[in-house]
Amino acid sequence: MRAIHCLEERLEQFHTEKCYESYQIFGAHLAVENGVHGVRFTVWAPRAKNLSVVGDFNEWNEKQHRMQKVTEAGIWSLFIPQIEEKEIYKYAIETINGEVILKADPYATYAEVRPNTASVILDIEGYEWNDKNWFRKKKKKSVYKEAMAIYELHFGSWKKKEDGSLYSYREMAEELIPYMANHHFTHIEIMPLVEHPYDRSWGYQGTGYYAVTSRFGTPHDFMYFVDECHKYGIGVILDWVPGHFCKDAHGLYLFDGTPTYEYRDLDVQENRVWGTANFDLGKREVRNFLISNALFWMKYYHIDGFRVDAVANMLYWEKEGKAQSNEYAVSFLRELNEAVFAEDGEFLMTAEDSTAWPLVTAPTYEGGLGFNYKWNMGWMNDVLKYMECAPEYRKYIHEKMTFSLLYAYSENFILPLSHDEVVHGKKSLLNKMPGNYWEKFAQLRLLYGYFFTHPGKKLLFMGGEFGQFDEWKDLEDLDWNLHEFEMHRHMHDYFKELIALYKRSKPLWQLDYSHEGFQWIDADNKEQSIFSFIRKGDREDDVLIVICNFTSIVYEKYKVGVPEFQYYNEILNSDAIAYGGSGRINKKRLKSISQPYHNQTAHVEITIPPFGVSILRPVKMRKGSKKQDGKKAELRSNATSRRKR
């Protein structure tokens with residue numbers, strides 16, 4: 001990056017106007033001034049008395065390289081000649097009380113490996129990208145009418161080396177990306193990778209928003225990781241936290257000794273739930289810092305999306321003893337989304353929001369917040385409560401499985417089976433399932449079948465694909481040894497087949513956000529806890545029939561209404577022996593019966609497996625073919641003979 005300095009108009013703009021390339025002004029930039037090579041340092045510290053740059057190059061002497069205050073509103077700058085890359089540094093800030101505090105650079109592009117906390121001078125330009133084809137293809141697609149299966153991942157605990165050390169960005173590219181491609185995931189969502197001091201914050205309590213964490217390597221190493229993802233056709237989404245930040249002494253908290261990036265009002269400054277500080281989203285300098293940061297990750301790291309963390313915490317704050325909406329946050333989120341989509345109209349901006357705030361995914365010009373996706377937390381909570389209930393009692397909470405369809409089209413939803421649900425004593429998805437060993441696996445297969453056939457894009461946390469038995473342990477890697485056990489191998493095979501089926505079946509994603517894409521066949525069979533529905537694609541004849549049985553009872557010749565009087569094939573049955581099931585499948589082509597049922601034109605009689613999902617597809621034949629004419633005649637003959645009987 002080339003520094004933009006000595007431009008008073010541009011510096012003043014940072015305080016009063018939109019300045020979305022503030023990373024070009026602030027931070028440490030290699031520069032040539034008056035023919036001399038060195039580094040230009042620029043920082044915002046509005047209430048500092050004095051400021052200097054310190055590091056190994058001056059033996060951390062705050063009196064040697066004092067900075068100049070270049071705007072009345074508190075921008076400080078200094079050019080230091082003959083400093084090179086990889087030098088470490090901090091700002092020594094003299095507060096209004098005369099105390100000297102050391103702070104890392106808010107705009108630093110790299111930092112020391114924890115537990116050290118200094119910033120590192122590094123020019124991140126120069127990586128040669130190879131993902132033009134990825135972006136060319138992405139522009140031709142509508143994000144809403146494509147399959148989306150997201151693999152949520154914590155970089156430090158997916159897999160570790162035998163000695164317990166972490167894989168680097170480049171090593172993870174070799175290990176993880178082929179694995180994801182083999183499992184047919186379309187995107188990876190990585191828990192925050194901004195620099196953060198505490199491993200167990202999972203990255204959600206950051207100190208260096210412009211610095212990809214040095215735990216796993218350098219900025220160019222992470223660029224390589226993203227580049228490789230794109231080569232394999234996998235999009236990269238980052239968790240991003242613009243609502244609050246950690247209070248470690250070297251970070252943003254009380255940056256110049258007074259509230260700078262956080263609110264001055266003590267009522268709303270502190271985030272008491274997480275022990276962090278809330279960003280002052282009404283302050284122009286803070287908005288420019290955050291929105292520039294989003295665009296920085298897009299520009300320099302070719303990121304495809306953000307999952308914006310804790311939106312509910314931003315939208316509402318507790319003021320004067322009661323919860324109120326935060327209009328600063330509302331305005332900020334709208335401005336953020338407008339800026340992002342002006343840069344890339346196909347970018348993924350996902351709100352992690354558990355509230356009923358209206359129009360989260362509506363455009364700002366329609367009064368919305370401007371996101372294009374929202375996590376469906378209500379679906380997740382209802383479905384998991386239903387699955388955790390003993391099967392014989394599920395009929396009493398039947399509505400938990402049907403309620404989501406009443407609001408499924410109010411937003412562009414992603415269905416999340418996320419990290420939050422498999423940690424802190426909540427158990428793994430597999431262990432949430434009631435019953436014996438076999439029943440747990442059967443019900444998890446059933447849950448995944450329902451998950452992939454319900455309207456909405458999909459997100460699954462790592463380990464769920466093979467039935468991780470223990471809940472997530474963030475200091476350890478996944479239990480890869482489970483592949484030694486037959487049922488886990490079967491689960492893994494089932495998951496790969498299910499997600500492959502999802503990706504090649506347009507009815508399961510083409511009309512995710514249209515009422516036309518879903519129709520109940522039977523939503524009211526609570527006594528048997530069986531649900532059946534139709535998923536539809538753009539083409540009228542592109543349909544799938546889904547039947548889910550949430551009890552252990554097997555039903556023979558169970559009647560299911562179907563929209564067309566024709567033949568149907570069972571294209572997936574979670575009870576197949578190959579998946580660890582009992583083998584109650586429908587091998588033969590199913591002949592529909594012309595008698596209407598479930599308000600449908602016809603019906604089929606099928607075997608309903610225990611704790612199973614069955615997916616049927618109409619048999620398609622070329623119009624006017626002899627084979628088709630013969631099948632129609634056979635169907636008519638069967639219908640006639642039944643009427644005669």
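Cβ coordinates are placed from backbone N, Cα and C, and glycine is handled just like the others.
D309 (active site, nucleophile) has a Cβ environment of 21 other Cβ atoms inside 10 Å. Annotation note: D309 (active site, nucleophile) sits in a coil segment as assigned by DSSP. Sequence annotations record features per position, and here Swiss-Prot assigns active site, nucleophile to D309.
In the three-state DSSP classification, E352 (active site, proton donor) falls within coil. Taking Cβ-Cβ distances under 8 Å and a sequence gap of 6 or more within the same chain, the neighbours of E352 (active site, proton donor) are R307, V308, D309, A310, V311, A312, W375, M377. For E352, the entry in Swiss-Prot reads active site, proton donor.
Residues or ranges marked as region 'Disordered' by Swiss-Prot: 621-645.
Annotated compositional bias 'Basic and acidic residues' per Swiss-Prot: 626-635, in sequence order.
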